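Written out below as structure tokens is the structure these notes cover.
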Amino acid sequence: MKRRATFQCPLIESTIKHQSTNYTKTETATTSHEVSENANEHKGKSNIDINKIAYYNVVWRKITMKKHKTWEGDGFLVREDSNLTLYNSDFTRLGSCHSRVPQIKEGELLRISGKEISIEKEISAESYEAGTHIDDSLRDVHMPEMKRKFKPPLRPNTMYQTISALPKPRHDPTVLGALVMSRPKTWDPRTHVDVVIDPFLSKHLYSHQREGVSFLYDCLLGMEGKCGYSAILADEMGLGKTLQTITVVWTLLKQSYYANRSSTINNAMVVAPVTLLKNWENEFYNWLGHERIHVYIARCAEDFQEFTSNKTYSIIITGYETVCTYLRNYGCGIDIDLLICDEAHRLKSMSSQTWITLNKLKTRKRLLLTGTPLQNDLSEYFSMVNFIIPGSLGTPNSFKAQYERPILRSRSMNASSRDISLGAARLQRLFEFTSNFTLRRKANILAKHLPPRTDIVLFIKPTHQQENVYGHVLDGFKSSVDQKGYYLKILTRLSKICNSTILLRNEKENFLSTELQDKHVFEQENMLLSSSKLQILAALLKSFQRGCQKAVIVSQYKETLELIELFLSILHVRFCKLLGSTPFSERDLIVHNFNTSSFKEFSVLLLSSKAGGCGLNLTGSTRLIIYEPSWNPAQDLQALSRIYRSGQKRPVCIYTFLSSGMLDERIFIRQNTKQGLSSSFIDSDASQKKNFFTGEDIKTLFSYSKTETCLTYELAFDSDEIDSLTKKKDPLTKIDHTIDSPNTKEKDKEISSWKKASEYMDTNLGKKCPENAFQGWTWQFPNDLSIMNGVEDYIPLEPLPINCLMHKKFE
């Protein structure tokens, strides 16, 4: 009986080697029987060894009386003690039963829960946990090998032949420093030539960028070992994704490994946020020049028609909303050979209109660029992979069953040893497969190419006014907790208080004292009383002025930026701003003026993290202030990469303002633990693990912890150690926190609910606390700010409302 052909997902089901088996003869020789009947047959035998777990590859079907039977699908049979469990190929449980069968043989037919199964072979536990039917590596499903060599229709001696020299490549591959691309498997020197990156581009590439260009070329051309004709370049911000992309595009436009072809593609489309359209155009002309390439920016439907009719242009740059509107109104008539999506985390949901509309393009070669490929969960990454290589990870449900759920279960505080090993195996399997088309490098490789960067986190002591208003809001929350949408409303108010109590001036509830509701509220003295952050900001701007250091101030709230704008005007600081309300036509000019102007012309740029946090080049600045942390750590990572990137020539300092003990700091702690899954999967860093939070975590958000230091430090050290460190007579206490703190004392004492909620599982080290997230940071308690070892160039030498700070240097 022949087995019906089914689609074999290259990751979940791999390749099944079929053997020519006469199933009709097997059914005649081996009568199908119930497992329970076998149990009766072998009952009473004392030498049966069933105390082990065994795994089998099977095919299954529902029990039917049809004459010509077909198998419905593949699956697994797990025998544990006397229990047999049947799973589908996507690990959906199909049924189970109790059995005393001593041995299961290949080709044997069994019946379990109304299903008839045929045993194919026994597999190892490693193969089962990895989620593959066989141990063979994945084969390229897109490039089948030629079965027969091409034969010309005429005999060689009857064809007119001329003796000619072998074809030559566009650039010499033997020159020192030449970057030569991979050759195809069917290489023939008579019909193929080497593809060599143009020297005027390759001479500017760093080593990691040369590797990236080679990787992207192999993926986009479907070279041996690559899956599909697409790729994801997921380098962290600042590593030069734009330059690598331009190099690959230019190479494909001007070269082909076929000697009789002048190019691999005829055109390419770059889809990016509207704030980056002009930046992409400038980058193309900056690296290639106006004489080599012609770029067209499409802002309406007529621009797309102009691009298709005018062969002068080979690159079209457009925004996500623009191209989606065009495709919805005019269909998918535009022919694009290469689709490039910048800031591709916009495609993190398969149900979004952007994903659905762009996926209608009949473009096989697709390149996604993103510095944050995994912001929240694995389903976002699955969505991006499914956009470039449909079906490579199976269906959404099968992906969740086979990978996402086991991986997340393995990071639960209650995970068993089996859950941990299964999750690790699935994670490794997923990483190995996706590494065929995903390239991810971390920003630390920039250290040898860029000047040093210093990160400073300031744990700021709130003013008395902030503490009073904060407590008043929390008291009101406890009495109105059942109101719909009240949680989000309170969180927004608490976040505003961390920045300044003035931001609540227009609230209906009377949170503020009467003296701060009159017309004098915006005087400098009253503004400083409303926020310790403004006090720190004033001191920093004064120190920046001495060294002529330009600064970028980043906030996610428009009201906060407007308040800072007013404060800068009072201090007579010249500034420019880029907010969500800034017209797109003016944004490029603002960035250009800020980068090229002198310190006296513009010393500060106010930047909205949501409007301008992606892709902007602000290397004219050397100081960046993150005024409040974002729930999404990717936003802050995007922001700091605006000034610390290729092209930066001077040392950089990143400041993060946190109101100690308030919502600010709790978000910051959540940030550093939230990146565990991204680090462990995308970066393949086994030391970083996902943190799981319980309901206790949510409760602690609506509280204020007044401490002498900060919550972050208390998570890393026990109270006895804190007292011994903070009560020393030294005016400054410095701690190099580069190793794990001992947990022996914590076992005998009760720890806080927040710390319990912050614990997670590490495969190698067991239960860990968030101190691992802050390894390598140096802690300081500035009772006297006249001495600041390591950060004296970045912190003003005057008394400031700072409980403590931690800093880290990247060089």
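Glycine residues also receive a Cβ, built from the backbone N, Cα and C atoms like all the rest.
What Swiss-Prot annotates here:
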type	residues	note
BINDING	D235, E236, M237, G238, L239, G240, K241, T242	ATP binding site
COMPBIAS	20-33	compositional bias 'Polar residues'
DOMAIN	222-391	domain 'Helicase ATP-binding'
DOMAIN	540-693	domain 'Helicase C-terminal'
REGION	20-42	region 'Disordered'
Q. In the structure shown, which of the binding-site residues D235, E236 has the fewest Cβ neighbours within 10 Å?
A. E236
(Q) Can you give me the average pLDDT across the domain 'Helicase ATP-binding' (222-391), rounded to a whole number? (A) 90
Q: Would you find the one among the binding-site residues L239, G240 whose Cβ has the most company, meaning other Cβ atoms within 10 Å?
A: L239
Q. How would DSSP class K241 (ATP binding site) in three states?
A. helix
Q: List the other residues in this chain whose Cβ sits within 8 Å of the Cβ centroid of the ATP site residues D235, E236, M237, G238, L239, G240, K241, T242, in sequence order.
A: G371, A443, S641, R645, S646
Q | Listed in sequence order, residues with CB under 8 A of G238 (ATP binding site) and six or more positions away | A | A443, L446, L450, S641, Y644, R645, S646
Q. What kind of secondary structure is E236 (ATP binding site) part of, going by DSSP in three states?
A. coil
